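Trainee: Pulled the feature table from Swiss-Prot, pasting it below:
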MOTIF     25-53  motif 'Q motif'
DOMAIN    56-226  domain 'Helicase ATP-binding'
BINDING   A69, Q70, S71, G72, T73, G74, K75, T76  ATP binding site
MOTIF     174-177  motif 'DEAD box'
DOMAIN    237-398  domain 'Helicase C-terminal'
Amino acid sequence: MASNDKGLEEIPEGQIESNYDEITDSFDSMDLKPELLRGIYAYGFERPSAIQQRAIMPIIKGSDVIAQAQSGTGKTATFSISALQKIDPNLKACQALILAPTRELAQQIQKVVVAIGDFMSLECHACIGGTNVREDMKALQDGPQVVVGTPGRVQDMIQRRVLRTDQMKLFILDEADEMLSRGFTEQIYDIFQLLPQSTQVVLLSATMPQDVLEVTTKFMRDPVRILVKKQELTLEGIKQFYIAVEKEEWKLDTLSDLYETVTITQAVIFCNTRRKVDWLTDKLTARDFTVSAMHGDMEQSQRDVIMKEFRSGSSRVLIATDLLARGIDVQQVSLVINYDLPANRENYIHRIGRGGRFGRKGVAINFVTADDVRMMREIEQFYSTQIEEMPMNVADLI
């Protein structure tokens, strides 16, 4: 951590320039602790996102890092994985401190750290305003290895000497632009002054206004700068249809009738639960249809094999849960069937959207029961799109 007041380097506001472009494109090649790797795969990650491919390694190696990335790019897991790799679970003391602008975000980050660190026997405490100070103090005295919190409460706990900083290796500021614009500048500067000089600093921000750049110049040493543009998903070029299915029980027959059409090309069929994925796979297999299935309960090695077969084209139909919608690189898939409409509308675009640059054409077919009509209308409104009744000649469109 640098602490100098030299003149601000001339960095244009708004966007940083990357000075680092090394990419590590699989978690296996990051040389992570086996129990951390296990946690990453159990959490449902398959391969690192763009920011994870670029930022995890420099953080692990000890560089100060500035990453400019929007939410939805996988940044929480980026710094969670890095922090978990760097801490010593046997040392009962705070070794990584993560600051977030809101209590909700802090709690969300805590959940991710706990989930990914599931096999590591460590503690992660959320140190946030609005909770009982005494309980907070007690939890911090137990020496959780990772503390995530909001600036006000964290500063208070460090000043009371309850949150000890002598073993602190890593200080992470998430959504730095938000924190500074919410008036936490003074608290953040105070926290910096209270940390050991040797603390490594990682700063994440969607935008780079002047006040964020000032923090980077004052408190960071030769930072690695990484800019990750969010790839916009689009529904353009995708023909979206629905089939009215009166009852849930009729979906299976509807899908069987469609099977010939489906296998002209490769298709992904989405269900809302792992249980449903298994059930549907069993039912279709019993009817002599060839399908493969994938969800988060499976061992990573098993999922890799299934994905490989699907990518190579040797399996044609893949049944999956939402967990994998974000992880499946299905650019080659031209047909997606929502056996169940997604439980939340944001997932709709992850299931059927395409990276705009590829401009892939595709067809999406939604099975809609009477109970689903409202959700379908919501999806149409949310994306300003039209989902029309499926025509008879759908095979010609795929």
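Glycine residues also receive a Cβ, built from the backbone N, Cα and C atoms like all the rest.
Since this is a predicted model, take the numbers as computed values, not measurements.
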Trainee: How many helix, strand and coil residues does the motif 'Q motif' (25-53) contain under DSSP?
Mentor: 17 helix, 0 strand, 12 coil
Trainee: In the same chain, who gets a Cβ under 8 Å from the motif 'Q motif' (25-53) while lying at least 6 residues past its ends?
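Mentor: Distal contacts: 60, 67, 69, 73-75, 77-78, 81, 84-85, 112, 115-120, 226, 228, 231, 296, 300, 303-304, 307, 323-324, 327-328.
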Trainee: DSSP helix, strand and coil counts for the motif 'DEAD box' (174-177)?
Mentor: 2 helix, 0 strand, 2 coil
Trainee: Check the binding-site residues Q70, T73 for other C-beta atoms within 10 angstroms of each C-beta and report the one with the most.
Mentor: T73
Trainee: In the predicted model, what is the mean pLDDT computed over the motif 'Q motif' (25-53)?
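Mentor: Mean pLDDT, the motif 'Q motif' (25-53): 91.
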Trainee: Under a three-state reading of DSSP, tell me whether Q70 (ATP binding site) is helix, strand or coil.
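Mentor: The residue in question, Q70 (ATP binding site), is coil (DSSP, three-state).
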Trainee: Counting only other Cβ atoms and using a 10 Å cut-off, which of the binding-site residues A69, G74 scores lowest?
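Mentor: Result for the binding-site residues A69, G74: minimum number of other Cβ atoms within 10 Å at G74.
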Trainee: According to DSSP, which kind of secondary structure is K75 (ATP binding site) found in, if we only use helix, strand and coil?
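Mentor: Reduced to three states, the DSSP call for K75 (ATP binding site) is helix.
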